[in-house]
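K.L.:
Reproduced below are the annotations present in Swiss-Prot:
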{"type": "BINDING", "residues": "11-12, 31-36, 58-59, 80-84, ASN99, SER124, TYR149, LYS153, PHE178", "note": "NAD(+) binding site"}
{"type": "BINDING", "residues": "SER124, TYR149, ASN179, ASN199, LEU200, ALA216, VAL217, PHE218, ARG231, ARG292, ASP293, GLY294, ASP295, TYR299", "note": "substrate binding site"}
{"type": "ACT_SITE", "residues": "TYR149", "note": "active site, proton acceptor"}
Amino acid sequence: MRVLVTGGSGYIGSHTCVQLLQNGHDVVILDNLCNSKRSVLPVIERLGGKHPTFVEGDIRNEALITEILHDHAIDTVIHFAGLKAVGESVARPLEYYDNNVNGTLRLVSAMRAANVKNLIFSSSATVYGDQPKIPYVESFPTGTPQSPYGKSKLMVEQILTDLQKAQPEWSIALLRYFNPVGAHPSGDMGEDPQGIPNNLMPYIAQVAVGRRESLAVFGNDYPTEDGTGVRDYIHVMDLADGHVVAMEKLADKSGVHIYNLGAGVGSSVLDVVNAFSKACGKPINYHFAPRRDGDLPAYWADASKADRELNWRVTRTLDEMAQDTWHWQSRHPQGYPD
């Protein structure tokens, strides 16, 4: 298939592009490089074994997207592009709504004009809000996300659902991720946060490699086994495989298809710290800090629907997530070259 991947040079996008190329698909990457670096592109080509086309541009540029869809005879779009830092979204809500919501509107408007009706959307478990029961199941009603980031993901889900209702021939997959971590097993591709990492595993990796002094563990008095927050961590390679499978199985299968992509088990902050300590062979310096507003004690996915309908399930453990992250970070302590 001929695939347009928006945000394809970012963390999850780059790993997915490698898997798409390895599976024989033709890939066009559209990225404005606001959260990624151009130097990942030759890595994608080397690991994917095939050349992806790269277009530097913004998803809010509808004319550019229309041109790409026509010129490359695109069959399907995988839509990763968007801003993704929860804390930053609270301080800069308009930017988040403009990029994530308006950007998606421009994208689907271009798709409609070009008669491209297969879309995989990178959604998030944040759309569930605070649920009374765990694990989270796709049939749960969506909640009220705490942040503009989470709200933007939910708004896009609602927009795409309304679009498909009005134009039933569309095939739209809403993939709700839990906590993607890990790196490509080669050690040459991984997460390279700009500035201070917002997520746990890359922060621990930077402590381990000497870029940060200590990890702040927010809250050790939650009603969990060790008092720290529990989340569902999924290896980025499993997540990338999930996109390829969803794209191949759902092409031209009309409807809105919602799937949780998670491991289906919860791991605490200290579980992750201990796994990383084992991977890098040294203790991780950490200290406890007060809980953060809006953080939930524990949640994880029920991913049985993806197993049942897509024949997709995770194959990589928390230890492998830590090992692959350390392999990447120790080989590339400063991330990708500028």
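Every residue number used here counts from 1 along the chain in the order it is shown.
Cβ atoms here come from the backbone N, Cα and C positions, even for glycine.
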K.L.:
Looking only at C-alpha atoms, tell me how far ASP293 (substrate binding site) is from LYS153 (NAD(+) binding site), rounded to the nearest Å.
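P.N.:
Here the two Cα atoms lie 20 Å apart.
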K.L.:
For ASP295 (substrate binding site), which residues of its chain lie six or more apart in sequence with Cβ-Cβ distance below 8 Å?
P.N.:
PHE218, GLY219, GLY229
K.L.:
Counting only residues 6+ away in sequence within the same chain, which have a CB under 8 Å from the CB of ARG231 (substrate binding site)?
P.N.:
PHE178, ASN179, LEU200, GLY266, SER267, ALA298, TYR299, TRP300
K.L.:
Among SER124, TYR149, VAL217, these being the recorded positions, pick the one whose CA is nearest to that of ASN99 (NAD(+) binding site).
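P.N.:
For ASN99 (NAD(+) binding site), the spatially nearest of the recorded positions is TYR149.
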K.L.:
Taking the Cα of SER124 (substrate binding site) as the centre, which of the binding-site residues listed as ASN32, ASN35, GLY82, LYS153 lie within 10 Å of it?
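P.N.:
LYS153, listed in sequence order.
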K.L.:
List the Cα distance (Å, whole number) between TYR11 (NAD(+) binding site) and VAL217 (substrate binding site).
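P.N.:
The Cα atom of TYR11 (NAD(+) binding site) is 24 Å away from the Cα atom of VAL217 (substrate binding site).
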K.L.:
Counting across all protein chains present, how many other Cβ atoms fall within 10 Å of the Cβ of the residue listed as 'active site, proton acceptor'?
P.N.:
24
K.L.:
In the structure shown, which of the binding-site residues ASN32, ASN99, SER124, ASN179 has the fewest other Cβ atoms within 10 Å?
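P.N.:
Output over binding-site residues ASN32, ASN99, SER124, ASN179: least Cβ neighbours within 10 Å is ASN32.
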K.L.:
Let's check the environment of ASP293 (substrate binding site): how many other CB atoms sit within 10 Å of its CB?
P.N.:
8
